[in-house]
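Features of the protein shown, as given by TrEMBL:
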- A:Asp32, A:Ser46, A:Asp82: Mg(2+) 4 binding site (BINDING)
- A:Asp32, A:Asp82, A:Asp226: Mg(2+) 3 binding site (BINDING)
- A:Asp48, A:Asp133: Mg(2+) 1 binding site (BINDING)
- A:Asp48, A:Asp82: Mg(2+) 2 binding site (BINDING)
- A:Asp55, A:Glu280, A:Trp323: substrate binding site (BINDING)
- A:Gly132, A:Asp133, A:Arg158, A:Ser228: ATP binding site (BINDING)
- A:Asp229: Mg(2+) 5 binding site (BINDING)
- A:30-149: domain 'PurM-like N-terminal' (DOMAIN)
Protein chains: 2
Amino acid sequence: MLVGDVTESVLLSKILPLLDQGGGALLGPGDDAAIVASPDGRTVISMDTLVEDHDFRLLRPNGFHTTGYDVGWKSAAQNLSDINAMGGSATSLVVSLTLPPQTRVDWVEDCARGLAAAIRDLGAAGCAVVGGDLGAGAQLVITAAVTGTLGGRPPVLRSGAQEGDVVAVAGTLGRAAAGLAILEDGRPVGEFGPLGEELVAAQLRPCPPLAAGPAAAAAGARAMLDISDGLVRDAGRIATASGAGLDLDPEVLREYAARLAPAAEQLGEDPMDWVLGGGEDHGLLAAFPRNALLPPGFTAVGSMVSGKPLVTLASRPTALRGWDHFAH
Amino acid sequence: MLVGDVTESVLLSKILPLLDQGGGALLGPGDDAAIVASPDGRTVISMDTLVEDHDFRLLRPNGFHTTGYDVGWKSAAQNLSDINAMGGSATSLVVSLTLPPQTRVDWVEDCARGLAAAIRDLGAAGCAVVGGDLGAGAQLVITAAVTGTLGGRPPVLRSGAQEGDVVAVAGTLGRAAAGLAILEDGRPVGEFGPLGEELVAAQLRPCPPLAAGPAAAAAGARAMLDISDGLVRDAGRIATASGAGLDLDPEVLREYAARLAPAAEQLGEDPMDWVLGGGEDHGLLAAFPRNALLPPGFTAVGSMVSGKPLVTLASRPTALRGWDHFAH
């Protein structure tokens, strides 16, 4: 059955049962708008879009299919990550699907299952899909907006890091980029063994560390963001916003790279490029006061230093840049 | 200059100054997420998408251009209308633009101006564009999510109407549909005179009556929605959700139709079809207790009646249906 064969209300009736209506929803789908609890009188809000052939490919030359489940998962994950990066917890998602009429209805159902699974498996228990929009288009586009609560705490911005702060990472680095390199290589994923499967999964279904954001806020993090465009580029955003240098420790980062080495070797790549430049793992990068106890899941990878608001690697310039949607 | 010639951050730097950052924003664009005030501890949220060649046409066979301003306006208007329909006031918009690389940068700037103008001119003073997403795609897609506040009142749902209630409309009926008919006719819009220009404007830049939603809630409206898919279809939603019949008064509706008559005559159409079946004016349809004083801007157009949850016209069945995105 194709999307073009059914009405919008039939499609909705297939999707809604797959989406849990718990969490912070005071009123779920079905009216002109939904209502979400904002217990401390503030609402954190963000939005992210995934576009077919730009952010995902439904079918690759090597025969690899990206499933609806993958796309739904990734949409939820990258949105939940933005709330995490403020030190908050997600309370709701609204999701717009633009679907070519030839899209299979079961692909859309699978997408709803992926949304629900990401919310559940990433531990965003307070979050529900409370609404959205369904429409037709030439290209598959999924846009989600996410709301969250700060639980009475101040938000952790990009701008608060101070000279001397410890810079730490939660979550993985470079794995999603390695997975993308494998997908784009053209060889069957199986040739990259179990590590290859894991890296591809990291690209398709990223796992932002959702407990780490609120924990960092509670531990006194002074600046934080999620690493969506690559460590160096996102570190540069903290440096710029905070008006201080950010020096990364290549020794620690080499440990992240070492875990990617077998795949890098098969592809003839330097795994440090993935660690420094790869986005989409949606880990967190945060600056903590020097004497703060790092919360569970965080690893120190550098420090804030005096001087220009630039990112350095053992005090040397870096020349990497991350992803730009239009020019790259 | 085309979107494909500039980086995402250059494009952002051109758009952001065009968007007012006032309203309920506690933190505007620039971090991983924005923060909006939710003074009564609840947030109303909704989302709507416009897709090129489905919801708007950039260039029509008769040479008529839809501007970025129009698309931005309409996106804001239809989202603001969803908050209005709950009896709330909008506090923020987040907007995702998916842009073909050959889109002109000034088209995008114009779109931002249209968003800002709709917020300002429709009277949504408490609302600001606080964030969003920019990305590339084959087709122009604009998705906005809107948040709002209920100002301490309960929301007005679709489900509360009771037998004997007065059913009333705020805003216009059938004008946007008439405008679309003119645009699709193929003749230059000028041939339809000043009325034609007004009707086309109603299609391109709808003006939901944003003061009327909170006024209706304050006046004790028991059910409400915005008329986005046509009067009969949307009335059917109140009837179904409330479990009562909804009888419309054709005499009153003929007055709405009479204002469209000259354009209908030129097109060989029955203007009552636009009044009964046309959506996109984003007026409000609400049910009030029989003795309630209707707030300014509302006109009684019918009543809730006993019997099956169907819409009737002077007690006779209606056979019209509104817009469906996939099957129509």
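Glycine too: its Cβ is placed from the backbone N, Cα and C atoms.
Sorting each residue of the domain 'PurM-like N-terminal' (A:30-149) by its DSSP state yields 34 helix, 49 strand, 37 coil. If you take the Cα of A:Asp32 (Mg(2+) 4 binding site) and the Cα of A:Gly132 (ATP binding site), they are about 10 angstrom apart, rounded to a whole number. Within 10 Å of A:Ser228 (ATP binding site), judged by CA to CA distance, lie the following binding-site residues from the set A:Ser46, A:Asp133, A:Glu280: A:Glu280. Considering only the binding-site residues A:Asp48, A:Asp55, A:Asp82, A:Asp229, A:Gly132 (ATP binding site) has A:Asp48 as its nearest partner by CA-CA distance.
Comparing A:Ser46 (Mg(2+) 4 binding site) with A:Asp133 (Mg(2+) 1 binding site), their Cα atoms are 17 Å apart once rounded. Restricting the binding-site residues A:Asp82, A:Asp133, A:Glu280 to those with a CA within 10 Å of the CA of A:Asp226 (Mg(2+) 3 binding site) leaves A:Asp82, A:Glu280, listed by sequence position. In this structure, A:Glu280 (substrate binding site) belongs to neither helix nor strand by DSSP; it is coil. The binding-site residues near A:Asp48 (Mg(2+) 1 binding site), taking a 10 angstroms Cα-Cα threshold over the set A:Asp55, A:Asp82, A:Arg158, A:Asp229, A:Glu280, are A:Asp82.
Here A:Glu280 (substrate binding site) is compared against the binding-site residues A:Asp82, A:Asp133, A:Asp229, and the shortest C-alpha distance is to A:Asp229. A:Asp229 (Mg(2+) 5 binding site) and A:Asp55 (substrate binding site) have their C-alpha atoms 13 Å apart, to the nearest angstrom. Across the domain 'PurM-like N-terminal' (A:30-149), mean pLDDT in this model comes to 96. Put simply, the two farthest-apart Cα atoms among A:Gly132, A:Asp133, A:Arg158, A:Ser228, the recorded binders of ATP, are 32 Å from each other.
Closeness to chain B is evaluated for the binding-site residues A:Asp32, A:Asp226, A:Asp229, A:Glu280 by Cβ distance, with values under 8 Å counted; counted residues in sequence order are A:Asp32, A:Asp226. A:Arg158 (ATP binding site) sits 12 Å from A:Asp82 (Mg(2+) 4 binding site), counting Cα to Cα.
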